[in-house]
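> Provided herewith is a single structure, encoded as structure tokens, for subsequent inquiry.
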Amino acid sequence: MNESGSLNGTGVPLARIQASDGNSSLELSSQLPVFAINPWDVVLCISGTIIACENAIVVAIIFYTPTLRTPMFVLIGSLATADLLAGVGLILNFVFQYVIQSETISLITVGFLVASFTASVSSLLAITVDRYLSLYNALTYYSEKTVLCIHMMLIVTWGVSLCLGLLPVLGWNCLDDYSSCSIVRPLTKSNVTLLSASFFLVFIIMLHLYIKICKIVCRHAHQIALQQHFLTASHYVATKKGVSTLAIIIGIFGASWLPFAIYCVVGDLDYPSVYTYATLLPATYNSMINPIIYAYRNQEIQRAMWVLFCGCFQSKVSFRSRSPSDV
């Protein structure tokens, strides 16, 4: 952002403190320029650090644990990798804005963040599809066809994310036309509109699939109850817990990203930058919550963490293998 108050990268304002009178200018002429650091940028940088640390642990566990090579964990690893890169991108964005001010670096940083967060959202969609397939095609889920499907989803996920991240670097930016800038400079209004529309599409698909998953879970619970000739309280509690968990997952995802996606469409560059920060920050929190929902709750990963950090595994501690359909 230039000194007139425009937005740079994720909407970071930079202000150079200059002396207003001649005497002060002479006194400060031999000193280094002083920059005001926006507290919102500090919060984003801290968030990026936490995100990077959380997801680095997940990536390391999945990479160094041979038993975690199933499609479900591959997708979780993809999500953790995307969130890890997003956290690193937030850190680099802060460093480059206050250390190296360059339009080229700004474009690269913004493109890196766009690609990372797009890969994160797309990986969430892939995990949702995997959960649905594991319930809908339970008998044929563990087959080569499923592995091929997972690999294709990963290729599409990262291919699309990379393409969207390269768009501002390859010229789809507003550096030469300030009037076309969006709330996230140097992205254009049309660029952020495309990103928002893509998110809305992903959100609708995820919501549709989770509703179908809820119906399948309820139907399975009812079939089990009929086989046992009565509906026990445990069946009701298990079904209610599963549906509640799904509602929490889609609710957190929507609450994190919807405000920013909507503001990207209705917001304007002339609006106060605090609105951009206030909607962008919850979106970054989604990458902070993802490893808790999709990784740390999984008992296979819990066991791998126990081995990694304790160097041993106590057999008396009970762990149950989980399938992708576990919610």
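Note: Cβ is positioned from N, Cα and C throughout, glycine not excepted.
Below are the features listed in TrEMBL for this protein:
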DOMAIN    54-294  domain 'G-protein coupled receptors family 1 profile'
TRANSMEM  40-65  transmembrane segment
TRANSMEM  72-99  transmembrane segment
TRANSMEM  105-127  transmembrane segment
TRANSMEM  148-172  transmembrane segment
TRANSMEM  192-211  transmembrane segment
TRANSMEM  243-262  transmembrane segment
TRANSMEM  274-296  transmembrane segment
> Applying the under-8 angstroms CB criterion, which one of 40-65, 72-99, 105-127, 243-262, 274-296 scores highest with the transmembrane segment (148-172)?
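Selected stretch: 105-127, with the most Cβ pairs under 8 Å.
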> Near the transmembrane segment (243-262), which residues from the same chain, at least 6 beyond its ends, have a CB less than 8 A from one of its CBs?
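Residues 121, 124, 195-196, 199-200, 203, 206-207, 210, 213-214, 217-218, 278-280, 282-283, 285-286, 289, 293, 327 contact the transmembrane segment (243-262) from elsewhere in the chain.
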> Counting only CB pairs under 8 A, let me know which of 72-99, 105-127, 192-211, 274-296 has the most with the transmembrane segment (40-65).
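The stretch with the most contacts is 72-99.
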> As a test of reading the model: what is the averaged pLDDT for the domain 'G-protein coupled receptors family 1 profile' (54-294)?
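Across the domain 'G-protein coupled receptors family 1 profile' (54-294), the average pLDDT comes out at 87.
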